[in-house]
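Novice: One structure coming up, written as structure tokens, with questions to follow.
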Amino acid sequence: MQLENPTKIQPVHTAIGNYRWRICALLFFATTINYIDRQVLGLLKPTLEQELGWTEIQYSNIVVAFQAAYAIGFLFMGWIMDKFGTKKGFSFALIFWSITAMAHALAKSATGFGIARFGLGLGEAGNFPACIKTIAEWFPKKERSFATGIFNAGTNVGAILAPPIVAWLTLSLSWRWAFIATGAIGFLWLIVWWVMYDRPEKHSQLSKAELDYIRSDAEEPVVKTPWIKLIPHRQTWAFALGKFMTDPIWWIYLFWLPDFLNKNYGLDLKGVALPIIIIYLVSDVGSVAGGWFSSFLMKKGWDANRARKTTMLICAISVVPMVFASQVTSLWAIVALISLATSAHQGWSANLYTLTSDMFPRHAVGSVVGIGGMLGAVGGMFIAKIVGFILEYTGSYMIIFTIAGTGYLFALLVIHLLVPKLEKAKLEGV
């Protein structure tokens, strides 16, 4: 597929309309809610360890339960989005994860939390396949990376909002109310989703000019492609292995960062809020900037292959200093170092997700993202067991941070070897 002349690329706000950006805003808020619900357990880990007597191994098993369900969920959530559409599919996923998020309040043991966490993983697996498919449907190719960066920034906003919300609810009421209240937020979003969303071709508030702009790329035949038929393609494996090698690093920050700051720098539930807010605020910049930069390079005439991979290389190099994180004694120095790493991860992630729409037709994007998300979750299962074992028997984060600092460079090498040039996969029937 040839890119249009860069001089013809429209800015975000033009006479053609900008309803597509309202849809992007909805995806941003859904992702924010997704990560608030996901973050609660990690923030409460020190509190629950004291109250319930968890070991590091037991906590890692709870995380594994989430990751296993997340992997299983990706197997069918991508298919659900492709089969039933994002409006119904996203609604199903959000209702499921909101109910199971609230169900954590009923747990009284590590086993109970593991069951609730398993349910949460099944539901939350639907968020990213739904968002990526929506971006592919609502945006032309030249804007997808930027739009992906915007909705992906919701992961950081969720992580920013969770610490003060969880601390206030826990200290004012109880940790059980922290799960109930945050889980209920999703139902408010669901109402707005049903009022505002429909497919571009059916949307009453979308102008013909904006619809034509959204569909300005070469027309792609609409064919249903079962996910099993995507497995033989190297493009599928490039994305999936990229997720397998780098998603687990993000899980480390999400599920162990509050505990790391508590045990190494003496921060309690209230004290940990400001450092985490700073870390994820900076991460937001990385998410949007990473998506914007590759789009900017494409506007300057770079092809998608060069623009995406250059941006991903910059992100991969920026994470390398994490290798030395275990030697840092200053709280604010470690906050700066982790901020750089998480920001780079988000820039990496925005471009990695966009590779799917570069390499596959719109109708297959949800399933490809599902396959990649499944492998990312499997990688998260492995890293959870590894981290739990290391912390239980050594108490040191040195090996963990070495993995976190080097994984992206290896992942980019694998991606480049599998797809030296980004090309559309030749799917059966297309």
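Glycine too: its Cβ is placed from the backbone N, Cα and C atoms.
Feature annotation from TrEMBL assigns domain 'Major facilitator superfamily (MFS) profile' to 23-423. According to TrEMBL, the feature transmembrane segment maps to 57-77, 89-107, 150-171, 177-197, 237-256, 276-298, 310-326, 365-391, 397-419.
So where do these features actually land, and what's packed around them?
Specialist: Long-range contacts of the transmembrane segment (237-256) within its own chain (CB-CB distance under 8 A, at least 6 residues past either end) are made by residues 35, 38-39, 41-42, 45, 63, 67, 159, 279, 319, 338, 341-342, 345, 348-349, 352, 355-356, 359, 368-369, 371-380, 382-384, 387, 391, 400, 403-404, 407-408, 410-412, 414-415, 418-419.
Beyond the ends of the transmembrane segment (310-326), by six or more residues, the same chain brings 249, 286, 290, 293-294, 297, 302, 334, 337-338, 340-341, 343-345, 347-348, 351-352, 396-398, 401-402, 404-409, 411-412, 415 to within a C-beta distance below 8 angstroms of the stretch.
Counting only same-chain residues 6+ beyond the ends of the transmembrane segment (365-391), those with a CB under 8 A from a CB of the stretch are 56-57, 59-61, 63-64, 67-68, 70-79, 81-82, 86, 121, 125, 128-130, 132-133, 136, 225-227, 230-231, 235-236, 239-249, 251-252, 255-256, 353, 356-357, 359, 397, 399-400, 403.
Within the chain, the transmembrane segment (397-419) has long-range Cβ neighbours (under 8 A, six or more residues past its boundaries) at 234-235, 237-239, 241-242, 245-246, 248-249, 252-253, 256, 260, 264, 309, 312-313, 315-317, 319-326, 341, 344-345, 348, 355, 359, 383, 386-387, 390-391.
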Novice: Cβ under 8 Å to the transmembrane segment (150-171), counting only same-chain residues 6 or more beyond its ends: which ones?
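Specialist: That would be 24-25, 27-40, 43-44, 47, 131, 135, 177-178, 181-182, 254, 258, 269-270, 272-273, 276-277, 279-281, 283-284, 287-288, 291, 342, 346, 349-350, 353.
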